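Novice: Here you go, one structure.
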Amino acid sequence: MTTPASHARILVVDDEPDLRTLYELTLLREGHQVDTAENLQQARALLEAHRFDVMITDMRLPDGLGMALITDIKAQARNERSIVITAYGSAQNAVEALKAGAFDYLTKPVDLKQFRAVVASAVRSVTPGSADEGALFSKPTPGVVAGALGQRALDRLIGHSQCMQQIKTRILKVATSMAPVMVTGESGTGKELVAYAIHANSHRVKGPWVAVNCGAIPETLLEAEFFGARKGAYTGATQDREGFFQAARGGTLFLDEIGDLPLPMQSKLLRAIQERRIRPLGSNQEEAVDVRIVSATHRNLSQEVQNGNFRQDLFFRLNVIDLTIAPLRERAQDLPELCQVLLARIAQESDTPVPTLPVEVLQELACLTLPGNVRELENLLYRAVALGDGQSLQLDRPVQGTTTLSDSTLDALEFAAAALPTREQIAPEPVAGDLQTQLDQLERSLLLQALRATQFNRTAAAARLGLNLRQMRYRMARLKIDAPGTEDNPDDAAD
Ligand SMILES: Nc1ncnc2c1ncn2[C@@H]1O[C@H](COP(=O)(O)OP(=O)(O)OP(=O)(O)O)[C@@H](O)[C@H]1O
């Protein structure tokens with residue numbers, strides 16, 4: 001019989017009897033089944049005999065480091081989620097444990113509320129059927145599989161180049177832990193799409209997705225925006241306000257353009273991440289933080305650290321796992337598929353037939369440096385469609401540089417182009433004749449245009465169309481328009 005996810009089987013490893021008992025009682029009270037060990041040897045024996053949902057281990061044990069258990073679990077491809085308890089101030093240990101595959105960590109002295117929250121989060125993330133005796137007779141652990149929402153988020157990332165395939169595999173791998181992820185890549189390479197796919201494939205998918213552009217917030221408002229503010233904390237604060245950390249509780253906080261954060265705010269963010277507590281402006285009470293942080297930057301942050309513009313300790317904290325997206329010019333094989341999908345989207349928005357993409361245009365595109373990557377490609381294609389005769393495309397070349405294609409790139413490009421579906425295969429469904437359907441289609445394309453022009457910020461898109469956010473949400477739901485952050489959590493999305 002499999003343990004229900006909310007009543008998990010948990011192994012606690014700690015050499016201090018009082019702490020062991022405290023953790024055990026806390027977990028029993030939550031309805032979990034608990035086994036305890038006081039050293040590595042006992043823990044290994046228990047792990048050999050049973051499968052658990054979660055293992056909680058102290059870092060320092062009489063016969064070695066708790067890290068060894070995390071490494072064992074990883075090496076044996078077991079399903080246990082490990083939580084490591086580290087001494088206060090040993091940030092390095094926590095980061096190393098996360099890198100070694102720990103699900104999460106806690107710092108001593110352990111706050112029991114936080115302890116329960118972290119365990120609950122680990123239990124929620126466990127693949128059903130992975131623990132207890134039932135699992136001993138079950139088939140080998142399947143690989144990580146995306147849910148429907150997660151799959152859709154992955155599908156939005158167009159491209160089958162080696163880089164994109166690796167990125168998708170890594171998204172699935174890193175999604176299951178709480179370790180902070182940093183997504184790097186040039187502007188327009190899809191960092192936000194990747195970050196959202198991590199959220200959509202994590203056990204936090206039912207929680208909010210809050211995307212923040214750190215570079216777009218005036219410095220004086222940063223603290224209140226991040227941590228919230230109490231009524232009267234500053235002129236104009238007429239009521240209590242939630243910050244990003246509160247809004248993202250139980251979900252993912254995406255900190256885009258993290259390199260733009262000024263140094264004083266970097267210190268405050270570091271403290272919030274390290275201590276997992278925040279204090280809203282004007283409040284004398286701290287609140288526990290329960291968010292997973294994914295950050296992104298187009299800057300070279302190591303360089304920024306060297307130049308003294310970014311705190312090394314914060315970099316270290318945020319960059320536990322890094323995902324780097326190659327620029328489009330280094331993955332020319334993605335170009336045909338990207339053009340095809342983007343052109344189909346543009347055609348649908350403007351209710352015109354999908355134009356053909358002559359191979360010469362494709363080659364011309366592949367020669368461009370495209371510093372703005374996919375976003376720039378999108379804009380180029382928009383202009384090309386507008387300038388074209390409705391059948392074939394005409395490229396309005398940007399002023400920025402070009403590169404010469406190597407023979408292998410040309411081959412890859414031609415191969416990828418040949419594998420694309422034909423125009424007939426991707427032609428949109430013919431429009432049904434009735435007025436309401438046609439009006440719906442027109443409305444849909446106008447909403448999509450506004451959303452795309454505002455990076456899917458629904459508030460800004462609504463304003464462009466003279467609507468309020470509620471009307472926008474209603475129309476998007478009615479016309480089944482998905483946008484990053486709007487599925488499942490319409491109230492918690494980026495805007
Ligand atoms: N692989 C991809 N497949 C489909 N669309 C993509 C891909 N990469 C980027 N895009 C599109 O390009 C645009 C920019 O993507 P996104 O905002 O995720 O990039 P970014 O790297 O976060 O950009 P910035 O650094 O400017 O914040 C979006 O419209 C996105 O849908």
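For all residues, glycine too, the Cβ spot is worked out from N, Cα and C.
Remember, TrEMBL labels are computer predictions, not curated facts.
Got these off TrEMBL a minute ago, pasting:
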- 9-123: domain 'Response regulatory' (DOMAIN)
- 157-386: domain 'Sigma-54 factor interaction' (DOMAIN)
- Asp58: 4-aspartylphosphate (MOD_RES)
Novice: Tally every other Cβ atom lying within 10 Å of the Cβ atom of the residue listed as '4-aspartylphosphate'.
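Specialist: Other Cβ atoms found within 10 Å: 24.
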Novice: How many helix, strand and coil residues does the domain 'Response regulatory' (9-123) contain under DSSP?
Specialist: 53 helix, 29 strand, 33 coil
Novice: For the domain 'Response regulatory' (9-123), what is the mean per-residue pLDDT, to the nearest integer?
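Specialist: The average pLDDT of the model in the domain 'Response regulatory' (9-123) works out to 90.
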